[in-house]
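Trainee: Dropping the structure in here first, questions after.
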């Protein structure tokens, strides 16, 4: 199972999951072991790898948490085989407040049996046509995040599930976040599979210049449900490397060639040729991989100190929001209550004109979210949003930052435009305005409140 010549073998599985979880696991285990014997370092299982049930009632009764017995069996298998696994879609129990629906969770397990990432399906499939009815929103709870691609033996892995393949923006978001390969574990219906399956997968590969791997369910699961199958792996040129055409469980192995991936991207430089200013910006996926949690909140413990300009360090107790490109934090010497700053993360971001399109969009999207939050917290109906762009504009820290300050008509005794004089002087070393520095405890308390909005 060694990687040679910058290539890695992977396996895509095709299953016919039914209600019995033990039977489903035993079949998958045999296929994974056979794929391992052919040199595969990672195996991809389809959506609903755990079970497909004949009724919503039975499904809800058999949902599990991520640390439940089904995933634990696969973790042990991965460890025993020294192999990575993509578990395409667990019926995961959600919070007690929503006990009538389950998450559809795509789980990545490493060769040590550890969960390294979890993605919960955001696009729910609702199909009701003659002969076929599958309304996921009746039994599934949507996820809320696109997950930053984790590092795997087959490159940085973008994680989707089934219906996500119909949304090119989703795939582009993953590619912009660095994905080399995108996985769509699926359980396509036969009508939609015949019409769209292959063309969708090849399209996503071509437009993102990523490998696409699509494990699949196939055949009759019960009297009510059948799946299309045709599990496949597609290269970044849109060529099908391998496809399972048999209407039964099986596996297929193909190589991920990192040199070829690089060659395709150099030969056709679509990323540098894009013009988002004409047709819109798509944000890179930046939510960090999670394991046993269903929350999307940024934990205080996940944050790191931020280098603000050449000399200043913003400590974690000041930071309340962070995106792929931007960061928001408490101003330690506020002009008015609620005065916060939003800044690009890139260390050399001194001027607005130096930001690229992705950074500009991300920065001002975060500014807007911050503005809404502080106006709610401080019961304000207006804000001053200001940039001192360069030394001659009053910028003292040579790192672009946006001041966001909630405003009231009583500010400065009613002389509301006095804010600009204060902004020009508030951070001078001699402190001419005699403004008080916030204590670490005060900044941390403000952060705790603000983090609830992000």
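From the backbone N, Cα and C atoms, a Cβ is placed for every residue, glycine too.
Keep in mind that what you see is a predicted model, and the values were worked out from it rather than measured.
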Trainee: Among 389-393, 394-398, 399-403, 404-408, indicate the range for which TrEMBL gives the feature motif 'Histidine triad motif'.
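Mentor: Here TrEMBL associates motif 'Histidine triad motif' with the stretch 399-403.
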Trainee: Across the motif 'Histidine triad motif' (399-403), what does the pLDDT come to on average, as a whole number?
Mentor: 95
Trainee: List, by number or range, the same-chain residues at least 6 past the motif 'Histidine triad motif' (399-403) whose CB is under 8 A from its CB atoms?
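Mentor: The answer is 308-309, 312, 331, 339-344, 347, 349-352, 354-355, 363-364, 367, 384-389, 423.
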Trainee: Based on the record's binding annotation for substrate (331, 388, 394, 395, 396, 397, 403), what whole-number value in Å is the widest Cα to Cα distance?
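Mentor: Spelled out: the longest distance between any two Cα atoms in 331, 388, 394, 395, 396, 397, 403 is 16 Å.
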Trainee: Determine how many residues of the motif 'Histidine triad motif' (399-403) DSSP places in helix, in strand and in coil.
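Mentor: Going through the motif 'Histidine triad motif' (399-403) residue by residue, I get 0 helix, 2 strand, 3 coil.
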Trainee: Output the one of 331, 388, 395, 396 that, of all these binding-site residues, has the highest number of other Cβ atoms within 10 Å of its Cβ.
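Mentor: Per the Cβ count, the most surrounded site is 331.
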Trainee: Would you mind reading off the Cα separation of residue 397 (substrate binding site) from residue 420 (site 'Important for induction of apoptosis'), to the nearest angstrom?
Mentor: 17
